[in-house]
């Protein structure tokens, strides 16, 4: 009770003069000054570090060159990326050679299957064709005797090899598929990291179990494909050299991927024990890219080092929406238009001529506001194939009626296409940029790398002017 009576009443119970003031912190005021000065010093140092980091990043961004490779599917974008890699970072492409081995095998197996399918169709339908061309082909095939029986025999011999197309495609694609039921190998950026040569070491601690399992499956399927190809080498050669195949190929009744003849004619070399793809093999393979793949190169030019970010994009119509997020700060656009494709149509739309689609797509790029500051380079690609088609007698006016009665020569046809693209640029380019135009063949290493140097220097000069780099 005594303690309760001695308890201090609340502050409001005292008069103003009697209230007990709060006591100051019992420390020398010099301590406060020390802490204030130390906090200010730390704050100033942080500000200076941030300024330096900001300046470093700004300078770094000035030396970063962002180049987009645009164009329809099969225009040569991925091959150009490999040419850049070969020129500026050849050691990285050389180290990837084992990973391209199953892709080469897939290209060969696909070509064999396509030849057999096309032969089967043509030999079945030619007697019912009724056209002058069909009758001429039937007459040309008649002296060959029992063509159907010979092809049937070869098909039986090659059945085990053809059956490997889907498993190989499935393992290389890693479960990736595209709409429309289209078949083939569809890969995303970094696919090489999941393809391990048999006997390769990868370290389980650094890789997910499922990725290791996939890599091993690819390796096993690759080795099985290698053995099957070697065992069928004679039959593959007999099929490719068969007179019926030659006749139908010459008349374009059998249509294959553009690189198929290269691989079919190299079958003896490719089926050798210990085969590793050559640079020509890597440049010729057909591999469909999905999404956007970024490739980085450090390039020394004009006494300075620049980091090039090269973006290789999927060119099919359904994938073009993925390009837009990369447009905003692009340094340059390299647009590839395959002018050899005057007699071809889009896989996604059989009514649209591929050259016409390229022209429409290029027009859209020229008029896109997000790209108005980007350096613009146009590569009229696959001139080697265009020359072969013209020399084989294919008439451009049969597929592009506006060509009219102009001479059907390589010089006239190539100039006709060049003029149309230049006109599209003049009419639609919203910032009146200069347009740099080159005729190219991406599988010609020497010529393409000369163009790469010229294009690279032009892009860097423009970049220096825009960023104010000395």
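Numbers run from 1 along the shown chain.
Placement of Cβ uses the backbone N, Cα and C atoms for every residue, glycine included.
According to TrEMBL, the feature GTP binding site maps to 74-79, 283-289, 381-384. Same-chain residues at least 6 positions away in sequence with a Cβ under 8 Å from that of residue 74 (GTP binding site) are, in sequence order, 258, 286, 315, 338, 341.
Residues or ranges marked as Mg(2+) binding site in TrEMBL: 78, 289. Sequence-distant neighbours of residue 78 (Mg(2+) binding site) (same chain, 6+ residues apart, CB-CB distance under 8 A): 287, 289, 312.
Per TrEMBL, the feature region 'Disordered' maps to 1-26.
Sequence-distant contacts of residue 383 (GTP binding site), defined by Cβ-Cβ distance under 8 angstroms and a gap of at least six in the same chain, are 339, 340, 410, 414, 439, 440, 441. Long-range Cβ proximity for residue 77 (GTP binding site), meaning a same-chain Cβ under 8 A and a gap of 6 or more residues, is found for 69, 70, 71, 289, 312, 313, 315, 336. Ranking the binding-site residues 283, 286 by how many Cβ atoms sit within 10 Å of each one's Cβ puts 283 at the top.
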